[in-house]
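Here is the structure we will look at.
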Amino acid sequence: MLQLSISHIIVLSLLIRIGFFLFGLYQDKYMTVKYTDIDYVVFSDAANYVYNGYSPYSRETYRYTPLLAWMLIPNCWGGQWSNFGKYIFMISDLITGIIILKLLSGISIAGKKLSTNKIIMLSSIWLLNPMVITISTRGSSESVLTVMIMLSLYYLINKKSIIASGFWLGLSIHFKIYPVIYLPSIMLYLSTSGTPFIDVPIVRWVNRTNIKFLITTLITIGAFNGIMYSIYGYEFLYNSYLYHLIRIDHRHNFSVYNVALYYKSALSEIAEASLGFFTGNMEKFVMLPQLSISALILPLLFARRDLISCIFIQTFAFVTFNKVITSQYFIWFLIFLPHYLAQSKLYSNKHMMKGIVALLLWIVSQGSWLYFAYQLEFLGISTFDNGLLFSSFFFYISNCWILSVFIDDLNNDL
């Protein structure tokens, strides 16, 4: 029987990514529906503006840090250089998988390290996952972000380097703001790593170690944001951060708020004002339960018990309650799933069926939404009132139940 090693799985994952990339070139050239993500076109256009001495925000719908456009300047050099960004994203995707392998190799359960077979099986959730591979080879930049986040955890857990970990988390928050929800978790995790300044309830969680981490993270965020603001001014702040607080995106959106925001986007200012303060500002208020659960309650419950598993559940909750959800967002929590399953009872024979039901429910609820979205986008059939509305609720309720399973599992209540 063929025995795979960790080196084999890395080489295999690289070859599969190359295969997907080459197929994408063929599909873009010969098929009606293109393989390359529209976001990659936006990134490339923004890079072209930078290359010619203009702001990346001259490209409408570019809502990212200028760093991304700077990274993709070689896209403008013509020929195969137009795929430079995809090479970066594929390499970042692979590096993320390698860091996952390293973190798994450091796990001990009852004093025993994970077996090589288990490490390979768990890391395959990322390295051999067709959804992960498709997203990076189509030209999504999420893998650049996942490298930063995983480097932060690697330096924190494996290397015990507070400054390096804080730097990478700060850079990831600059790159895309949502990783800020990990800051409370890491602060709580580090609360046991030093002598508290004052030994009184709650305040005793603050010590030299987590203050050092916090300061490093904030300095990194401030430095990168300060540089970008000095170059691009308010348009950087608005497009990179403020826009996402008021964003309304009714296409390709699994969110339970999808249909409501779609109809709201069609209202005149007068009609919108008549909705009342809360309903008229729905896109702002939906963040309250989302952040309360993902950035406050879950860290308080689980951060000191198992940091990466806590971050996994945080991210799953954040995506579930987000006002915009696309398939790319699933990448945000998939990077932590191998670590979570390594110590989860859902991976055991006794509870595996519950895990399988959760997986099937997650897939089926997505499939039902995609079916009605396909009818709307490609067949021109209006499915907003019935199909998309109910399938969005189905997806939301399914995710809430799955979240409760994860919480019970980590809380030893299965």
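Cβ atoms are placed via backbone N, Cα and C, with glycine included.
Among residues of the same chain six or more beyond the transmembrane segment (6-26), those with a C-beta under 8 A of the stretch's C-beta atoms are 35-36, 83, 86, 90, 93-94, 97-98, 101, 116, 119-120, 123-124, 127-128, 133-134, 136-138. The feature transmembrane segment is assigned by Swiss-Prot to 6-26 (among others), with sequence analysis given as support.
The transmembrane segment annotation in Swiss-Prot covers 87-107 (among others) and rests on sequence analysis. Proximity of distant same-chain residues to the transmembrane segment (87-107), defined by a Cβ-Cβ separation under 8 Å and at least 6 residues beyond the stretch ends, is recorded for 6, 10, 13-14, 17, 21, 71-72, 113-114, 119, 122-123, 126-127, 132-133, 136-137, 139-144, 146-147, 150-151, 153-154, 157-158, 308, 335, 338-339, 342-343.
Within the chain carrying the transmembrane segment (119-139), a Cβ under 8 angstroms from the stretch's Cβ atoms is held by residues 4-6, 9-10, 12-13, 16-17, 20-21, 24, 35-37, 39-40, 43, 85-86, 89-90, 92-94, 96-97, 100-101, 104-105, 327-328, 330-331, 334-335, 337-339, 341-342, all 6 or more beyond its ends. The transmembrane segment annotation in Swiss-Prot covers 119-139 (among others) and is backed by sequence analysis.
What Swiss-Prot lists as transmembrane segment is 149-171 (among others), and the listing cites sequence analysis.
Residues annotated as transmembrane segment in Swiss-Prot, with sequence analysis given as evidence: 183-203 (among others).
Within its own chain, the transmembrane segment (213-233) has Cβ neighbours under 8 Å at 55-57, 65-67, 156, 162-163, 165-167, 169-171, 173-174, 183, 186-187, 190, 240, counting only residues six or more beyond its boundaries. Residues annotated as transmembrane segment in Swiss-Prot: 213-233 (among others).
Look at Swiss-Prot and you will find 282-302 (among others) tagged as transmembrane segment, backed by sequence analysis.
The feature transmembrane segment is assigned by Swiss-Prot to 316-336 (among others). With a cut-off of 8 Å between Cβ atoms, the residues of this chain six or more beyond the transmembrane segment (316-336) that come close are 96, 100, 125-126, 129, 131-132, 135, 140, 142-143, 146, 149-150, 178, 181, 247, 249, 252-255, 257, 261, 282-283, 286-287, 289-290, 293-295, 298, 308-309, 396, 399-400, 402-403, 406.
Residues or ranges marked as transmembrane segment by Swiss-Prot: 356-376 (among others).
Residues or ranges marked as transmembrane segment in Swiss-Prot (evidence: sequence analysis): 387-407 (among others).
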